[in-house]
Amino acid sequence: AYKRFSELLPREERENLYARVPKSQILTLPELRANPFQHRICHVFSTSEDGDDSMSFEDFLDMLSVFSDSATSDIKSHYAFRIFDFDDDGTLDRKDLEKLVNCLTGQGEESRLSTAEMEQLIQNILEESDIDKDGTINLSEFQHVISRSPDF
């Protein structure tokens, strides 16, 4: 893991134990290059105080461990929830769900859902997931839905 991390650093930084890999370099990883949530993944795993979404080696390790096959479904679902919570408020509301759907369907005009289709899809998601009927999905509701998805 450290070899992969250090290869993302400029040569002169490779001996620096406190070096941070810029987000632009993290996004070159094959595992993230085509991921529609690549920017959110960097944001969620970065501990940068500058808000630049750069990663320390520890951040990088956290990211790799969550995406590894050996991570538990609880850990995976916790981080998936954080990645899908675009406004970082601890719930998935209609705006988060709309951004989530747009990420999954693509940003192009030809693949974007109509307003009516988007509204129907969000309504269906909330009917299926919003157990307490407060109009949002919290972490436990999200994990409940995920627990019924063996492919997750």
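Numbering starts at 1 and runs along the chain as it is shown here.
Note that Cβ sites are derived from N, Cα and C of the backbone, with glycine treated the same way.
TrEMBL entries are annotated by machine, without manual review.
Source: prediction; values computed, not measured.
Listed in TrEMBL:
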| type | residues | note |
| --- | --- | --- |
| DOMAIN | 72-107 | domain 'EF-hand' |
| DOMAIN | 117-152 | domain 'EF-hand' |
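Applying DSSP to the domain 'EF-hand' (117-152) sorts its residues as follows: 22 helix, 1 strand, 13 coil. Long-range contacts of the domain 'EF-hand' (117-152) within the same chain, counting only residues at least 6 positions beyond its ends with a Cβ under 8 Å from a Cβ of the stretch, are 73-74, 76-78, 80-81, 84, 90-94, 97-98, 101.
Note on the domain 'EF-hand' (72-107): DSSP counts are 24 helix, 1 strand, 11 coil.
Mean pLDDT, taken over the domain 'EF-hand' (72-107), works out to 95 on the 0 to 100 scale.
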